[in-house]
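Input: a single structure, listed below in structure tokens.
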Amino acid sequence: MMNSLQISICILILSVFIASVSQILLKISANKTYSSRIREYLNVYVIFGYGLLFLSTLLTMIALKRVPLSWSPVVESSSYIFVSVMGYLVLKERFTKKKMTGLLVILIGILVFSL
């Protein structure tokens with residue numbers, strides 16, 4: 001059975017993932033052409049994107065009640081990995097050598113911190 005710290009860490013990771021999904025939705029919206037400024041900012045991608053960002057903020061606040069604050073930036077750095085992978089899968093963005101190197105450094109940093 002998981003203790004409250006483990007549950008809070010899972011909530012924090014979920015929060016980071018949700019924020020990453022929100023960024024993908026906002027990027028999809030930014031890539032589209034709209035007939036008016038109102039539709040550019042009030043469309044399903046923007047509304048859901050910012051809704052998910054708000055949910056992510058609430059989950060982060062809940063998680064930080066038990067997770068040490070020093071852990072938060074480490075867990076949140078995983079958003080770069082989530083966004084890059086989703087960008088590749090959903091938006092068909094390329095993985096460059098620099099991007100792969102950067103993601104590898106982030107992943108190593110997360111692993112070193114967790115030891």
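Just so you know, glycine gets a Cβ as well, placed from its N, Cα and C.
All TrEMBL annotations are machine predictions without curation.
Positions annotated as domain 'EamA' by TrEMBL: 10-114. Per TrEMBL, the feature transmembrane segment maps to 6-30, 42-64, 70-91.
The DSSP breakdown of the domain 'EamA' (10-114), given as helix, strand and coil counts, is 86 helix, 0 strand, 19 coil. Long-range contacts of the transmembrane segment (70-91) within the same chain: residues 9, 12-13, 16-17, 19-21, 23-24, 27-28, 31, 60, 64, 99, 102-103, 106-107, 109-110, 113-114, each at least 6 residues beyond the stretch ends and with a Cβ under 8 Å from a Cβ of the stretch. The average pLDDT computed for the domain 'EamA' (10-114) is 94.
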